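Quick look at what Swiss-Prot lists:
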| type | residues | note |
| --- | --- | --- |
| BINDING | 19-26, 81-85, 136-139 | GTP binding site |
| BINDING | THR26 | Mg(2+) binding site |
| DOMAIN | 10-204 | domain 'tr-type G' |
| REGION | 19-26 | region 'G1' |
| REGION | 60-64 | region 'G2' |
| REGION | 81-84 | region 'G3' |
| REGION | 136-139 | region 'G4' |
Amino acid sequence: MAKEHYERTKPHVNIGTIGHVDHGKTTLTAAITKVLSEKGLAKASDYADIDAAPEEKERGITINTAHVEYETEKRHYAHIDAPGHADYVKNMITGAAQMDGAILVVAATDGPMPQTREHILLAHQVGVDYIVVFLNKTDLVDDDELVDLVEMEVRELLSEYDFPGDDVPVLRGSALKALEGDAEQEKVIMDLMDTIDEYIPTPERSTDKPFLMPVEDVFTITGRGTVASGRIDRGEIKVGDEVEIVGLKEDVTKTTVTGIEMFRKTLDVGEAGDNIGALLRGVNREDVVRGQVLAAPGSIQTHKKFKGEVYILSKDEGGRHTPFFSNYRPQFYFHTTDVTGVIELPDNVEMVMPGDNVTFTVELIEPVAIEKGTKFTVREGGHTVGAGVVSEIDD
C-alpha cells in the first residue's frame, strides 16, 4: 500500500515559552503536548524529554533548546523551550528559532521576577510582537485578589516594554494539574491554545516578503555577463525582475535579472532558501562584491549607525577573556562579510563582561544593507566573540 502523503494544509506558526526560572515553562510545554495528544493532535512529550534539550550550534554559539510540535484544529505549531536562562538569551538573540509569538509563564505564587522582565525586554528587542500570558500555579494561591494583583503587575510590565498590556490575553491555571489529568485544568490548556490560535497572527510566508539575497560570490560568464550567487533570504525572484545592488557603497545600482541558475540548471523563479546564481544585465564584475545584497527595489537601505541587542560569548564558549569598554572596534559580520565598527556603550554600562547580554550603539566604517531584525555576529581576528540583532536604525 502506498504511504499516505503528508499534506501541509494548516498554516505554520513558531512559538515558545518564556519567563522566569521555575515558573513552569517546561511543565506547561509538556501539558500542552499531553492534552493535544489526547485529541490526536500531538505526540505527548514528558517533562524529562523536554528538559534534556539537545545542544545545537548557531553561528558558533552552543545553545540548548527543546523543540516540540503539535497541532490545533486550525494550525501546525513548532514550539521551543530552553532549559536555562542563558539559553533563552542566546536563542532569542541569534534567532536560532525565530518566534512569531510567545507564551509568557508567570507563577502566581511569585509574580513577575527579574527574568520575567528580561525576557519581555528581549522579546521586544528581537521583534516577537505577540505575547499571551499564562498565570501558572494558581491552585497554590488561596486568595483570588492576589492573583488579580499579579495579573495587574504583569500587564504593567508588558506596557512598559511597548506591548499592549491592557489587551494581552491572560489565562490562569495549573500546568502541573493539567499534566496530571485534572479535567478542569485540561480545559484551561485547550482555552490557552484557542487563544493562541486567535491572538497570534499567522506570519507572512517568507516567499511573500520582498526579495533579498546576500551576495556570496561573483563571477563572469564570457559573452553573457556578471553572475551574483548566494542563498535567497526571503521573497522570490523571476527572470525579468528589477533588483537593486545595495551595501558597502553609497550608491545603489539598479539592474535586471536576465537569468537564474540553480545546480547548473536554469530556473524561472528562485525562492527563499534556494541557492542560486543571478545573471545581471549591464553590470560589470567590479560593480558587485561579496557582502552586498540583491534586493527588491526600495525594500532595504544602507546604514552605518544602529542599536543592537547582543550576547557576548563567555570565555568557556571561546569568547573573550576580558571585558570591553566603549570605543571597542571589532568586526561586525553582516550577511556575508565583515565590516569594522565602533561600539558605544549606554551611559549606565561601564564595561561588558564575557557572558553578558547588552544593548549598544555601533557606528560602522562602511554602509551596510541592514534593517531592524538583521542578524550579525561580532568577530575579532576571525573568531566569533558575540552575536546580535539590529534592534533600531540610528542614522
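Cβ coordinates are placed from backbone N, Cα and C, and glycine is handled just like the others.
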Worksheet item: How big is the Cα-to-Cα gap, in Å, between THR26 (Mg(2+) binding site) and ALA82 (GTP binding site)?
Response: 8
Worksheet item: Which of LYS25, HIS85 (the binding-site residues) has the most other Cβ atoms within 10 Å?
Response: LYS25
Practice prompt. State the three-class DSSP label for ASP22 (GTP binding site), counting H, G and I as helix, E and B as strand, and everything else as coil.
Written response: coil
Worksheet item: Per residue, counting other C-beta atoms within 10 angstroms of the C-beta, which of the binding-site residues ASP22, ALA82 reaches the highest number?
Response: ALA82
Response to the item:
Within 10 A of the CB of THR138 (GTP binding site), the number of other CB atoms across every chain shown is 21
Practice prompt. May I ask for the residues of the chain that lie six or more residues beyond the region 'G3' (81-84) and have a Cβ under 8 Å from a Cβ within it?
Written response: 16-17, 21, 25-26, 29, 50-51, 53, 63-66, 68, 91
Worksheet item: By DSSP, what is the split of the region 'G4' (136-139) into helix, strand and coil residues?
Response: 2 helix, 1 strand, 1 coil
Worksheet, complete the sentence: Row THR26 (Mg(2+) binding site), column other C-beta within 10 angstroms, all chains, value 23
Discussion item. Per DSSP, what is the helix/strand/coil residue tally across the region 'G3' (81-84)?
Written reply: 0 helix, 1 strand, 3 coil
